[in-house]
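Q: Below is one structure. I have some questions about it.
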Amino acid sequence: GAASAELVIGWCIFGPLLLAIFAFCWIYVRKYQSQRESEVVSTITAIFSLAIALITSALLPVDIFLVSYMKNQNGTFKDWANANVSRQIEDTVLYGYYTLYSVILFCVFFWIPFVYFYYEEKDDDDTSKCTQIKTAFKYTLGFAVICALLLLVGAFVPLNVPNNKNSTEWEKVKFLFEELGSSHGLAALSFSISSLTLIGMLAAITYTAYGMSALPLNLIKGTRSAAYERLENTEDIEEVEQHIQTIKSKSKDGRPLPARDKRALKQFEERLRTLRKRERHLEYIENSWWTKFCGALRPLKIIWGIFFILVALLFIISLFLSNLDKALHSAGIDSGFIIFGANLSNPLNMLLPVLQTVFPLDYILITIIIMYFIFTSMAGIRNIGIWFFWVRLYKIRRGRTRPQALLFLCMILLLIVLHTSYMIYSLAPQYVMYGSQNYLIESNITYDDHKNNSAFPVPKRCDADAPEDQCTVTRTYLFLHKFWFFSAAYYFGNWAFLVVFLIGLIVSCCKGKKSVIEGVDEDDSDISDDEPSVYSV
């Protein structure tokens with residue numbers, strides 16, 4: 001009866017949340033995918049991958065809430081939270097991480113690469129479906145081998161060493177398998193996920209850091225007026241037509257045009273086609289009801305922009321102070337720059353304990369920061385595009401994004417979400433480890449009248465010095481700190497994140513307002529005349 005009631009309550013809480021996540025993912029993917037090139041398989045893959053990214057990010061506040069909910073504020077466990085129940089809750093969260101992280105590994109190393117290479121082969125009209133599947137599977141096999149290698153390295157590189165140095169080779173191998181069995185594969189999965197998190201860190205430095213500065217400033221500045229842009233475009237058309245007329249007038253008497261004039265004429269004609277295309281899009285946008293609706297919401301966008309820039313400043317200042325704290329007070333690179341408390345207070349670390357006194361404000365703040373991290377990542381990818389070193393592979397454009405670009409977008413977001421948990425831990429390590437848990441310590445009180453001491457139990461916030469049976473560590477922390485060298489890499493990545501944010505902030509401040517049809521230019525192969533769209537955000 002009690003278990004069934006808990007299941008019903010859990011479904012009532014998380015059921016609508018899951019439906020909201022899938023609804024958002026469907027709207028987001030349909031909003032950006034090209035109508036001409038949309039495919040069912042790529043659409044489903046993109047929606048599912050994006051949903052997994054959001055669900056995984058939501059697991060951190062759930063993990064923190066569950067370990068906190070088992071204890072009272074006075075440091076005692078609640079009546080129902082005995083050892084068996086606590087263990088069941090911990091195992092449930094751990095299995096949740098196992099499931100979601102395994103799905104992420106499957107998406108990143110098999111499903112998304114397979115669908116991507118399948119559609120790459122589909123561009124060739126002469127290729128049969130059987131050949132497409134074989135070729136896609138052949139390329140995907142390389143990703144699967146990489147995943148298998150990561151799992152093997154993580155599984156068979158023990159964190160502890162055998163005590164007996166004279167042990168035989170068989171005993172050493174036996175020890176490896178015992179280590180694997182005792183951890184239930186946690187080290188193997190943690191190593192694989194940490195390797196992906198390292199790639200996610202690079203993606204966060206590239207896209208999230210820039211998006212965190214670009215998104216608020218773009219909302220505050222807004223876009224240029226469609227009517228003004230149309231007037232400028234008309235002037236450009238007249239100027240280009242005049243140049244074309246001047247060049248053509250040179251051949252009125254039948255003389256052939258010089259090669260230089262032919263090249264110039266071709267360039268002007270291409271430029272004229274682009275300007276006329278812009279004219280059609282500008283006319284459509286100027287007369288669109290959506291443009292008028294967005295204009296009415298302009299004050300609200302400015303408010304959102306100010307709110308987002310304040311959240312960004314809270315995040316960046318807290319990250320800087322946290323990293324400075326690690327640089328000054330951690331044991332150094334050999335320990336992964338790990339610290340268990342906070343010697344330098346940062347705004348977020350001070351704010352969370354205050355919010356913990358009023359349920360559920362602290363969870364709301366953590367959720368806002370995680371969602372902000374994801375949405376700024378989306379904004380960064382949309383603004384920068386998808387690059388391979390100095391080569392731009394794809395643009396992300398509303399209603400014009402190719403299936404392969406959407407798959408890349410979702411893979412990048414999956415990797416960034418993996419890095420989100422470590423970023424939150426960097427900001428508030430003690431909170432991510434223990435939530436709002438307290439434990440009891442003996443405090444001696446001296447009475448002047450009787451000249452004797454009395455010991456009273458006093459609640460204290462859980463920290464690294466707390467007994468293991470008194471404070472429950474979140475499962476997130478177990479995944480984050482299995483390997484010190486990953487923690488060291490994340491530490492240096494945080495400094496790079498701060499630098500890129502400052503560069504992005506300067507660039508975003510110096511840039512003018514975005515064009516209302518940003519993306520309609522000569523090299524934009526995703527734009528077509530039969531797909532008018534409103535670009536203003």
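In case you wondered, yes, glycine gets a Cβ from its N, Cα and C as well.
Sharing the feature lines straight out of TrEMBL:
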TRANSMEM  6-29  transmembrane segment
TRANSMEM  41-62  transmembrane segment
TRANSMEM  95-119  transmembrane segment
TRANSMEM  139-159  transmembrane segment
TRANSMEM  186-210  transmembrane segment
TRANSMEM  302-321  transmembrane segment
TRANSMEM  363-393  transmembrane segment
TRANSMEM  405-425  transmembrane segment
TRANSMEM  483-507  transmembrane segment
Q: For the transmembrane segment (41-62), could you work out the same-chain residues 6 or more beyond its ends whose Cβ comes under 8 Å from its Cβ atoms?
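A: Same-chain residues near the transmembrane segment (41-62) but 6 or more away: 17-18, 21-22, 24-26, 28-30, 33, 93, 96-97, 100-101, 103-104, 107, 111-112, 115, 118-119, 363, 366-367, 370-371, 373-374, 403-404, 406-407, 409-411, 413-414, 416-418, 420-421, 424, 432, 476.
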Q: So which of 95-119, 186-210, 302-321, 363-393, 405-425 has the most C-beta pairs under 8 Å when paired with the transmembrane segment (483-507)?
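A: Most Cβ pairs under 8 Å with the transmembrane segment (483-507) come from 186-210.
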Q: Run the contact check on the transmembrane segment (302-321) against the transmembrane segment (186-210): 3 or more C-beta pairs under 8 Å, excluding pairs closer than 6 in sequence.
A: no
